[in-house]
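Over in Swiss-Prot, the protein carries these features:
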- 1-17: topological domain 'Cytoplasmic' (TOPO_DOM)
- 18-38: transmembrane segment (TRANSMEM)
- 39-732: topological domain 'Lumenal' (TOPO_DOM)
- N44: N-linked glycosylation site (CARBOHYD)
- N95: N-linked glycosylation site (CARBOHYD)
- N114: N-linked glycosylation site (CARBOHYD)
- N201: N-linked glycosylation site (CARBOHYD)
- N239: N-linked glycosylation site (CARBOHYD)
- N262: N-linked glycosylation site (CARBOHYD)
- N277: N-linked glycosylation site (CARBOHYD)
- N369: N-linked glycosylation site (CARBOHYD)
- N410: N-linked glycosylation site (CARBOHYD)
- N508: N-linked glycosylation site (CARBOHYD)
- N619: N-linked glycosylation site (CARBOHYD)
- N651: N-linked glycosylation site (CARBOHYD)
- 733-753: transmembrane segment (TRANSMEM)
- 754-779: topological domain 'Cytoplasmic' (TOPO_DOM)
- 771-774: motif 'Tyrosine-type lysosomal sorting signal' (MOTIF)
Amino acid sequence: MVKRGCCHRKMVNHKGCLVSGIFLAVIGAVLFILAFALLPHLINQTTQNAVIQAVIVDSTSSQRYNDWAGQQSIENYYQQYFYAWNLTNPNEFLNGSIPIFETVGPFNYKYEFNFSNVTFQDGGNLATYTQSKSFIYQSDMSPNDPNEIMITNINPAYLGLMFQLAPNAELLDNMPAENLLIALSGCGQMRLFLEYLSSDNFTNIVYFTQNPKLYQEQYLNILKSLNGDEQYFYQQWANATSIPQKGNGWYGMLVSSVNNNNESSNISILSAKLLFNSSNENSILNQEIGSTLWINALLGDKTSITVLTSELQLTVDQIDMILNWWLNDFSKVYTESYVNEICDIPDISMLGVCQFVTGNALNGRSISNYTFLTQPFDQGPIEIPLLYQSIGIDVKLSVSVQQAYKSLFNESDSNSILNLNGLVNFLTASKSFDTFKQYNVTLFDAIKIIGYATAELYEQYNKPTILGLYEKYGGLIVTRSMDDWLWNCQDGILDYLGVDQPCALQQNNTVNKPSTIFTGQQDLSMTNQIFEFQEQTFLTCWNGSVQVEGFTESGQFPPLQSDPPQTMTLFEENVIRPVQLELSGDSQVQGIDTKRYYLVNNSFPISTTFKTTIPGFANLTDIQNLPIYVSLWDMYEVPPQYSSNNLQGLNQTYQSAQVPLDLEPITGNALYYNLKLQINLAIPEFSNWFSSNSTFKNMKSNVFYPILKIGQTATPSQSNIDLLNSQFKLIKILGFVPVIVVSIIGGIILIAGISMFAFGFKKLRQQKQQGYQAIINNE
């Protein structure tokens, strides 16, 4: 789906649904990045200034600029991993049973980012950047192949459609939202109609319908010029490879002239006479049976070909030659211009619209009346006037074919009523009758078109098609590969409605709006504090303005913290709000001393500001235009009446859901973290979405369904960890000794340095340590 800023609001019906990444472009796309930026750098000073110089990025010439701008995400391993919630009893669930879920995973991806359009303001105190992100599947680290593992769950795309249609359905005598979906699906049905009516197959059927009359006229003209010599006519029609010397009007009337080998067809005069005897039911001029036989032969039907070869004494090659002449020579010379004239169109490309709004292309006959093979329309007329005629209403639209194509039925136009958004806009125009002028249609035409699309097609075409899509693709419940769920989903119902939006839960290779942070140049305590999130300093999507505050999720915190704070505020981009981390105690990451923080309990409390009515659920419904709720894993901290009482499979333990962070206070680097969030979808309370005979009639409202677990972590390379460990040990032991010398000089000087240390240790240990060596940092 199209990514939006958190304060963006759009009209429910004007954007279709919105479905799936679409719906969840923010969720999971933001990683809590480890700050590994200092890992590749050897210590070059033993002062606090060295640490500051390595941490602070206030210009493009800063020591660590390239790492900060994205290089570190390539050299180290940043991981986003997923567990899918799989519904194991979908059929029983649809029949009213409690849903049973299992988790499937992990599916591991390497995450890389890049900062572009970087500018520094306020003398380097502020940095603005645009961040792009990409995910790379790690097959060697994933026990499951996302292309092969199939997952069944609630369909975000369909859920979004229901959610967005429900308010309007309530205004229509409290109509179930699904019924409104079926009515509006007339847009997709009309597009299917016009796709067929604009196909070569339909054009050929028009030629089979119009050619006989035009052929008879030209035949009589030639025969008149031959003084009635019928025998000569058939001889020339069958075998002449160039214009005959006798008679006039032969152009387009010679079957052998279209033979690329310049050879005669050798069709006998007897066969020619049978072919053009309209009373013969096998004749190409016979509109009762013959034309159907020839259409089916064109479509490759062996039975029809056998009948024609037998009854007309023709070979298969001769039948092919006749069809080639009839459709590609005679039709181009005589029929195409005639059809353009009766349809009042500039060329044959508008032939389908002509038939759809007038029926003239088939002389007032519906395509549904033809009985050829693969006939797609057996539920009655599809043309607007002919459908009304079939129910006893005489309707003749006043809009011209060309204007109808331009204003209503041009699929490449986003305002076309062949897609959901366009049809909704057309319906909205009915609130003020004058606005139909923008479509250049009269009120009468508009009402008839609306009635046709939403009411007259409802039972015969719209409903069967939607139910067929349920069966083929799924509706509320779908089964897709994990790769489709994450990245590449295309929803069959969205496609049918002409909604050109992806339905995946994630987006790859995204580019965010610009954000601005404090660099820490003027105040170390402000290092990496967010100033502006995607062009907003205040989040207006909530009840009242919420100030953007907290450290960004880059893993870099203020350096040189001799007394680490008891709490830290992070701006959590996944849920678009500040969250709190609380100091727990000492910890170690691969031998390096760190401070362990945890996400505080009750991180998503009831809040009118953040529109949270159920503890544990971060409600993003208004932001995503979809009933979506973010929680910790397994809906931890969500009351049982909204979680474990309604489904099976949750593991609601603190060990499963805890979010730790290990902070190295000297450099301000987070050396470890494991962020765990979960996407959940819901059918809102008091929803009137489904009728009593719907496939989904047993779905309960105000029930929350787990969809996807998202984990985010990172790992520094072992060489960087080894370097970091060794340098910290030297710092602790040597104090004022210029460690940088040891790091730069070769093995001999290293041994000498260590000897000097042993000799002077008693004196040196009384001295105060002053310098720290630059270590890993990641932005």
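Note that Cβ sites are derived from N, Cα and C of the backbone, with glycine treated the same way.
On the structure: features taken from Swiss-Prot.
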residue: N95; record: N-linked glycosylation site; DSSP (3 states): coil
residue: N114; record: N-linked glycosylation site; DSSP (3 states): strand
residue: N201; record: N-linked glycosylation site; DSSP (3 states): helix
residue: N239; record: N-linked glycosylation site; DSSP (3 states): helix
residue: N262; record: N-linked glycosylation site; DSSP (3 states): coil
residue: N369; record: N-linked glycosylation site; DSSP (3 states): helix
residue: N410; record: N-linked glycosylation site; DSSP (3 states): coil
residue: N508; record: N-linked glycosylation site; DSSP (3 states): coil
residue: N619; record: N-linked glycosylation site; DSSP (3 states): strand
residue: N651; record: N-linked glycosylation site; DSSP (3 states): coil
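Residues within less than 8 Å, Cβ to Cβ, of N277 (N-linked glycosylation site) and separated from it by at least 6 positions along the same chain comprise S283, L285. When the C-alpha distances from N410 (N-linked glycosylation site) to the glycosylation sites N95, N201, N508, N619, N651 are tabulated, the minimum falls on N201.
Per Cα geometry, N619 is the residue among the glycosylation sites N95, N262, N369, N619 nearest to N114 (N-linked glycosylation site).
Within 10 Å of the C-beta of N410 (N-linked glycosylation site) there are 18 other C-beta atoms, taking all protein chains into account. In the three-state DSSP scheme, N277 (N-linked glycosylation site) falls into the coil class. Among the glycosylation sites N95, N239, the residue whose Cβ has the fewest other Cβ atoms within 10 Å is N95. With every protein chain in view, the residue among the glycosylation sites N114, N651 whose Cβ has the most Cβ partners within 10 Å turns out to be N114.
Note on proximity: of the glycosylation sites N201, N262, N369, N651, the one nearest N95 (N-linked glycosylation site) is N651, by Cα distance. When the neighbouring Cβ atoms lying within 10 Å are counted for each of the glycosylation sites (N201, N262, N369, N508, N619), the highest count belongs to N619.
Cα-Cα distance from N369 (N-linked glycosylation site) to N201 (N-linked glycosylation site): 15 Å (rounded to the nearest whole number). Within 10 Å (C-alpha to C-alpha) of N508 (N-linked glycosylation site) lies none of the glycosylation sites N201, N239, N262, N619, N651. Here the Cα atom of N619 (N-linked glycosylation site) is found 21 Å from that of N651 (N-linked glycosylation site).
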